[in-house]
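Novice: From TrEMBL, here are the annotated features:
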- Arg90, Gly122, Asp145, Asn236: S-adenosyl-L-methionine binding site (BINDING)
- 1-19: compositional bias 'Basic residues' (COMPBIAS)
- 1-23: region 'Disordered' (REGION)
Amino acid sequence: MPSKKRRRKEERPKIHPRNKYSDNPPDFALLASLYPSFKDFVFYSREGRPRIDWSDFNATRELSRVLLLHDHGLHWWIPDGQLCPTVPNRSNYIHWIEDLLSSDIIPKTNSNGDNVRGFDIGTGANCIYPLLGASLLGWSFVASDMTDVALEWAERNVKSNPHISELIEIRNVRCSPNTPTPEGLNNGESVYSEEGEGLLSSSIDMPASEDKSYHGPPILLDVVRDGERFDFCMCNPPFFESIEEAGLNPKTSCGGTHEEMVCPGGEKAFITRIIDDSVVLKLSFRWYTSMVGRKVNLKFLISKLREVGVTIVKTTEFVQGQTCRWGLAWSFVPPAKKIISPHVTEKNMLSFMLEGLQRQFGAIHVLQSVESFFHVGGACCKLNASSFTVDITASTEQCNALLNNEVKHLDQVASCSDVQEASSNLSFRVSVFQQIPGTLLVKGSLQHRDSPLSGLFSSIIQQLEDALRRKFCREKAGANYS
């Protein structure tokens with residue numbers, strides 16, 4: 001029987017180490033003694049611990065107000081019903097972007113020295129990210145939104161803090177029939193409705209269950225002006241597909257209007273549109289980022305990013321109390337260094353299942369696709385149809401081509417004898433096994449663990465998995481990626 005001592009509970013990610021609340025969480029008792037308006041919302045548990053009622057919007061709003069004033073010197077307020085941010089969680093996002101900007105993953109491209117410029121998509125009445133970024137780090141921002149209430153109160157919150165007001169521009173998103181989109185306005189022209197404070201209608205009205213694509217106002221395209229350059233964009237997207245879904249958690253009350261919380265297709269559709277916009281804008285931003293509310297959407301979005309040919313993708317997890325959110329970042333800036341991991345891989349063998357194969361496909365078709373996948377990247381491939389294996393050897397250049405979805409022409413593909421000469425190449429075998437009808441097991445086995453390229457093994461197998469799923473498991477795609 002295995003020892004209980006070995007059954008360690010997986011440690012959850014912690015709050016960002018530079019977060020003001022990392023070592024000193026908010027002291028409700030102290031805040032109550034200093035701010036009488038907050039004292040009314042504080043009560044004490046049987047153990048004598050100060051608490052607030054998280055389901056009371058007024059309590060959470062007042063907590064955010066006093067935290068911003070007490071710890072950040074910011075004067076702030078929002079009207080009833082607007083989305084109320086949790087200050088520690090929002091600070092995590094700011095510090096993660098700070099990490100991205102200070103890393104050497106991609107080179108610095110701005111000509112303003114250390115002056116960092118960000119773009120906050122859908123800043124809301126709270127305008128929390130620009131306020132925190134400007135007060136903590138001196139960053140400048142363009143903060144966009146579309147509703148009259150959000151624009152008015154975001155402007156008020158900026159002007160209430162004259163020491164940083166010049167760093168923040170509130171930009172009104174204008175939606176017109178001429179608004180460009182990557183898909184030619186997505187099967188219908190998006191137009192502004194004159195009713196309901198910026199609610200959107202479409203010339204083709206489809207039920208949410210039938211049409212999961214984004215049909216709202218512009219997000220980056222037609223909002224970012226010609227010639228503008230930013231270090232990053234950030235976004236707290238509408239997480240939900242319906243207002244009913246948004247209200248499913250009765251234990252918290254952070255407010256939020258329909259425009260802030262809901263869009264057809266939810267966050268998946270909204271962030272997909274940011275990705276589509278980024279394909280057009282590309283180097284206008286060093287980093288494109290968004291918060292993601294559901295981990296299940298991350299894999300779909302990462303797959304989408306690989307399809308459009310980004311140079312780098314980064315993810316993280318934000319934790320505050322019992323609430324988890326994920327951060328997704330990507331860039332089109334060529335990496336400062338080659339995409340080579342200096343450390344060896346943690347596993348010599350990786351595998352994945354292909355389920356729901358269409359009837360016309362079998363193991364041999366998958367095996368041939370494996371060979372084709374690596375061959376077009378320039379790698380040397382040897383297919384053995386009797387053992388259902390493909391032996392692959394790839395150089396540094398070919399590994400980078402595979403990870404960046406580059407296709408090599410026939411005259412660029414090196415011969416196997418040339419590739420195998422170098423001891424620094426990545427060599428592995430891919431095997432295909434029949435499990436049950438419609439299900440295959442694909443296994444990758446690393447041949448030389450001490451290769452300097454072995455750290456890329458996991459990423460390359462992941463790329464292969466995504467490619468095979470797209471080709472052979474289309475009926476299952478929704479279940480696997482959404």
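The backbone N, Cα and C atoms fix where each Cβ goes, and this holds for glycine too.
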Novice: How big is the S-adenosyl-L-methionine site in terms of the longest C-alpha to C-alpha distance among Arg90, Gly122, Asp145, Asn236, in angstrom?
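Specialist: The S-adenosyl-L-methionine-binding residues span at most 18 Å between Cα atoms.
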Novice: Who sits close to Asn236 (S-adenosyl-L-methionine binding site): which same-chain residues at least 6 apart have their Cβ under 8 Å from its Cβ?
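Specialist: Expected: Pro85, Gly122, Gly124, Tyr129, Met291.
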Novice: Suppose we draw a 10 Å sphere around the Cβ of Gly122 (S-adenosyl-L-methionine binding site). How many other Cβ atoms does it contain, all chains included?
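Specialist: So the number of other Cβ atoms within 10 Å of Gly122 (S-adenosyl-L-methionine binding site) is 24.
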Novice: Just jot down the residues in the same chain as Arg90 (S-adenosyl-L-methionine binding site), at least 6 apart in sequence, with C-beta under 8 A of its C-beta; none if empty.
Specialist: Ile128, Tyr129, Leu132
Novice: Counting only residues 6+ away in sequence within the same chain, which have a CB under 8 Å from the CB of Asp145 (S-adenosyl-L-methionine binding site)?
Specialist: Gly122, Thr123, Gly124, Leu151, Ala154, Ile170, Arg171, Asn172, Val173
